[in-house]
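Report on the following structure.
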Amino acid sequence: MQLTNLLYKVPLQSTSGNMSVDVMKLTMDSRQAGPGSLFAAIRGTQTDGHQFIDKAVEQGVTVILCEELPDNRANDVTYVQVQDTSYALGLMAANFYEHPSQKLKLVGVTGTNGKTSTATLLFRLFRQRGYRTGLLSTVQNQIDETVIPATHTTPDTIALNELLAQMVQRGCSHCFMEVSSHAMVQHRVVGLHFAGGIFTNITHDHLDFHETFDNYIKAKKSFFDQLPASAFALTNLDDKRGLVMLQNTAARKESYSLQTLGSFKGRILSEGLFGMQMDVDGREVWFKLTGRFNAYNLLAVYGAAVLLGEDAEEVLTQLSSLASPPGRFEMVISDNKIVGIVDYAHTPDALQNVLETIAGLRQGNEQVITVVGCGGNRDVTKRPIMAEIACKFSDRVILTSDNPRNEDPMAILEQMQAGVPPIHFKKTQTIVDRHEAIFQAVALAGPHDVVLVAGKGHETYQEIKGVKYDFDDRQVLREAFQQSISEK
Ligand SMILES: CC(=O)N[C@H]1[C@@H](OP(=O)(O)OP(=O)(O)OC[C@H]2O[C@@H](n3ccc(=O)[nH]c3=O)[C@H](O)[C@@H]2O)O[C@H](CO)[C@@H](O)[C@@H]1O[C@H](C)C(=O)N[C@@H](C)C(=O)N[C@H](CCC(=O)O)C(=O)O
Ligand SMILES: Nc1ncnc2c1ncn2[C@@H]1O[C@H](COP(=O)(O)OP(=O)(O)OP(=O)(O)O)[C@@H](O)[C@H]1O
């Protein structure tokens, strides 16, 4: 695409060099730059892309997009200076891929918890209704039946537009995507045309990146601020910040609630480990998913589908047959009836929700045994809080490693231990090795007891010092169940 076309609607500060050059590729990584490509220099969290401009030029790059022009400029390279490279790159990526988001009904889901569940349920529902559909989520990206591994919750702006373009090419009519707060701050969705936005909830998370809760709220809200008037903005009225999210949106304001009068209303009538009965806008429906948090997700999915023009009754019938997304309250039951639950709860709020849900489903005096850890190189403030929550709602707790990444696993566990109240010391154990921790939890369990393995959900690896080792909580649980049965 000719550079001038690529720069359509991009606010420029200055340019130098040939503006009629053809750009065949966009990249924000100098290592990927070469002849025919445009290298966007982005100031990141670890380093400043401007430092790699010379490298990109050495490799024969055609265009440099930057905030600060280098002193020594190459004659055969075009330089485009903008105020904010990430923002400009967002607009350019949409231009480059010819605005795929305008050719789809694109719905974004944002919030601390429930994004993957809500987006995945929408994706499955729309596929079941016969639409070719796309999904961009933490667990995986998908174009109809084709699975494409995901590296981020929200891909970078180039990858994102490319994926949307592939969806259009494959005849998709809808795409459901997660919009993380990181994506908003880094302008990953700038230039996209959304048909709708959904807010799930906001609680303590990612303060390592946003620094204050206020900044985190602002990042989430900015998604709704940028929605067009033609879109819907569907919020959770039961969340304290539900209405704040919609304060400045141009989109049509819609809401859902389990407690008050929203555009879409739900009520849990009864629930068990294997499903729940709800009243949704006056219709009684049985869902395979359980727990109050899933009631919110289902209501958001139902509301969004209706706002996209689908028939309410048909939507509810089809939703009732859908199962949980991978690693979200996923059950593994042993032959001797120990109930294993693998859940991606890696925030204090999610952990509390899952444990409260389990407590609500208890029928007798079954024990709840929780195995939980916290990731390394991420928000440290949640570590003691998660340990405290685990203790408050469980009969036995095993603190263990999550993805320690580059941190010392024992140091993370010490920070978690600091949150264990003295009255709970006796029921708490620390086992660094996650495999051993899960085996120990199963060894402590009897029939009908619940072993909750929290934090890693669908992940099939454990990341230790830059290496991803094979590790799947569901698989380890199955092995532990087998061993416990052969020993008894
Ligand atoms: C904190 C964060 O969001 N980081 C993302 C960011 O990296 P960064 O800002 O640290 O980049 P950097 O390493 O400082 O480099 C700055 C620039 O120099 C460039 N560079 C660097 C080296 C070089 O030799 N040449 C070169 O050009 C880099 O390509 C980059 O453009 O930009 C990179 C390129 O898009 C992302 O891959 C990276 O995601 C990292 C891997 C990450 O872990 N992100 C997580 C925190 C994230 O985004 N999470 C949210 C979900 C959160 C949730 O809800 O759970 C997500 O949407 O996935
Ligand atoms: N609506 C909800 N409210 C609160 N907790 C939820 C909700 N939905 C799911 N959860 C809990 O949060 C965990 C993560 O759910 P989910 O993956 O859907 O959220 P997410 O927002 O996509 O998080 P991430 O981007 O980190 O994957 C689940 O395993 C469950 O414990």
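A Cβ is built for glycine as well, from the same backbone N, Cα and C atoms used for every other residue.
Note on TrEMBL: of 238-241, 334-337, 402-405, 426-429, the range annotated with the feature motif 'Meso-diaminopimelate recognition motif' is 402-405. From the candidate list R362, R378, R478, the residue TrEMBL records in the meso-2,6-diaminopimelate site shared with D402, N403, P404, R405, G455, E459 is R378. For R405 (meso-2,6-diaminopimelate binding site), other Cβ atoms within 10 Å of its Cβ number 16. Residue environment of E459 (meso-2,6-diaminopimelate binding site) contains 21 other Cβ atoms, counted within 10 Å of its Cβ in all protein chains.
Take the binding-site residues G111, P404, G455: by the count of other Cβ atoms within 10 Å of each Cβ, the lowest one is P404. Note on proximity: among T112, T116, K220, the recorded positions of the record, the Cα nearest R378 (meso-2,6-diaminopimelate binding site) is that of T112. Using the Cβ center of G111, T112, N113, G114, K115, T116, S117 for ATP, the list of other same-chain residues with Cβ within 8 Å runs, in sequence order, V109, T118, E178, T200, N201, N297. Selection of the binding-site residues G111, N113, R405, G455 by a Cβ distance under 6 Å from ligand 1 yields an empty set.
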